[in-house]
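Asker: So Swiss-Prot has the following annotated:
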- Asn5: N-linked glycosylation site (CARBOHYD)
- 1-25: topological domain 'Extracellular' (TOPO_DOM)
- 50-57: topological domain 'Cytoplasmic' (TOPO_DOM)
- 80-100: topological domain 'Extracellular' (TOPO_DOM)
- 121-139: topological domain 'Cytoplasmic' (TOPO_DOM)
- 159-196: topological domain 'Extracellular' (TOPO_DOM)
- 220-236: topological domain 'Cytoplasmic' (TOPO_DOM)
- 261-272: topological domain 'Extracellular' (TOPO_DOM)
- 293-311: topological domain 'Cytoplasmic' (TOPO_DOM)
- 26-49: transmembrane segment (TRANSMEM)
- 58-79: transmembrane segment (TRANSMEM)
- 101-120: transmembrane segment (TRANSMEM)
- 140-158: transmembrane segment (TRANSMEM)
- 197-219: transmembrane segment (TRANSMEM)
- 237-260: transmembrane segment (TRANSMEM)
- 273-292: transmembrane segment (TRANSMEM)
Amino acid sequence: MDGKNCSSVNEFLLVGISNKPGVKVTLFITFLIVYLIILVANLGMIILIRMDSQLHTPMYFFLSHLSFSDARYSTAVGPRMLVGFIAKNKSIPFYSCAMQWLVFCTFVDSECLLLAVMAFDRYKAISHPLLYTVSMSSRVCSLLMAGVYLVGIMDASVNTILTFRLCFCESNVINHFFCDVPPLLLLSCSDTQVNELVIFTIFGFIELITLSGLFVSYCYIILAVRKINSAEGRFKAFSTCTSHLTAVAIFQGTMLFMYFRPSSSYSLDQDKIISLFYSLVIPMLNPLIYSLRNKDVKEALKKLKNKKWFH
């Protein structure tokens, strides 16, 4: 494209979820409640794990980082979306838009890989229980998390640089409630083929690593569970994985549908609904899944409830 037609954009206008005045108040109250639940539940989970020594294990170390990722990427999107319901000015500065996407992408990618790491942790706990604390030492856990966050930051940085160096010369109106890449690519008047190829390749690689890790880990888990003689022992061993499997099914199902659906079926309205689900609904569900189905967490909550805070 001719460079003289490429004018700089200082801000974008976020259309939001709905422009209907009668619906805005209802949506604002609904998503304010959802966002508060996300903060209370995920930060509460982190605090609970830190306070209860019984939860100072690799499994709950990774769970605390899952809660941190949920709280972080939902916070990148939630407050700005809530402001959009009540503010007349729906603009977001160019660099704020870039930062929003950078933070969001970093922690979504991190959560994607973290779910595979958590499956590996379950494999170690079930297949090699006697060596579990040695093989999953605090140093190993910290290195795994460092790798997870490093990949997330690298992918998000590449995505952000490639997207926000494009030309936006015809319109600055984003038909979305946050600065997501697909609507930005549609908005650009530059050739976006390289962006689409790089984004698809990197995210596809991350998904391949994640799904391969999940598949291999659970194959070994199933083999280990089958070797347990008693039915009660098999049930107890596999029950530790049910919360994780539920979280994986919801998160990965949404991600795969979002980024690997046929281009012919793509629509921005559908995109907004799916984005809403994985940016706010999933972070609300994860702590509920892990607390309602987890005996250790429920026991820790009970101890916290019965603790005498004032003497």
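Cβ from N, Cα, C; glycine included.
These figures come from a predicted structure and were not determined experimentally.
Show me how these features fit into the shown structure, please.
Answerer: Here the topological domain 'Cytoplasmic' (50-57) has long-range neighbours at 64, 296-297, 299-300, 303-304, meaning same-chain residues at least 6 beyond its ends whose C-beta is under 8 angstroms from one of its own.
Beyond the ends of the topological domain 'Extracellular' (80-100), by six or more residues, the same chain brings 9-17, 24-25, 27-28, 31-32, 35, 160, 163-164, 177-179 to within a C-beta distance below 8 angstroms of the stretch.
Residues 58-59, 61-62, 217-218, 220-221, 223-225, 237-238, 240-241, 244 of the same chain lie 6 or more positions beyond the ends of the topological domain 'Cytoplasmic' (121-139) yet place their CB under 8 Å from a CB of it.
Remote same-chain partners of the topological domain 'Extracellular' (159-196), defined as residues 6 or more beyond its termini with a Cβ less than 8 Å from a stretch Cβ, comprise 1, 5-7, 9, 11-17, 76-77, 80-81, 84, 92, 94, 97-98, 100-102, 104-105, 202, 266, 268, 271-272, 275-276, 279.
Residues 119, 122-123, 126-127 of the same chain lie 6 or more positions beyond the ends of the topological domain 'Cytoplasmic' (220-236) yet place their CB under 8 Å from a CB of it.
For the transmembrane segment (101-120), the list of distant contacts is 59, 62-63, 65-66, 69-70, 72-73, 76-77, 144-145, 147-149, 151-153, 155-157, 159-160, 163-164, 178-181, 203, 206-207, 209-214, 217-218, 221, 244, 247-248, 251-252, 255, 278-279: same-chain residues at least six beyond its ends, Cβ to Cβ under 8 Å.
Using a Cβ-Cβ cut-off under 8 Å and counting only residues 6 or more beyond its ends in the same chain, the transmembrane segment (140-158) has close neighbours at 58, 61-62, 65, 101-110, 113-114, 117, 198, 202-203, 206.
For the transmembrane segment (273-292), the residues of the chain that approach it from at least six positions outside its boundaries are 17, 31, 34-35, 37-38, 41-42, 44-45, 63, 66-67, 70-71, 73-74, 77-78, 104, 108, 176-178, 180, 243, 246-247, 250-251, 254-255, 257-258, 298, 301, judged by C-beta separation under 8 angstroms.
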Asker: To what whole number does the mean pLDDT across the topological domain 'Cytoplasmic' (121-139) round?
Answerer: 91
Asker: State the non-local partners of the transmembrane segment (197-219) in its own chain: residues 6+ outside its ends, Cβ under 8 Å from one of its Cβ atoms.
Answerer: 109, 112-113, 115-117, 119-120, 122-123, 151, 155, 158-159, 162, 181, 241, 245, 248, 252, 255-256, 259
Asker: Can you name the far-off residues of the same chain, 6+ from the ends of the transmembrane segment (26-49), with a Cβ under 8 Å from a Cβ of it?
Answerer: 17-18, 55-56, 60-61, 63-64, 67-68, 70-71, 74-75, 78-79, 81-82, 85-86, 280-281, 283-284, 286-288, 290-291, 297, 300-301, 304
Asker: Please give the sequence-distant neighbours of the transmembrane segment (237-260): residues at least 6 beyond its ends with Cβ less than 8 Å from one of its Cβ atoms.
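Answerer: For the transmembrane segment (237-260), the far contacts come to 59, 66, 111-112, 115, 118-119, 122, 125-126, 200, 203, 207, 210-211, 214, 218, 221, 224-225, 228, 271, 274-275, 277-278, 282, 285-286, 289-290, 293-294.
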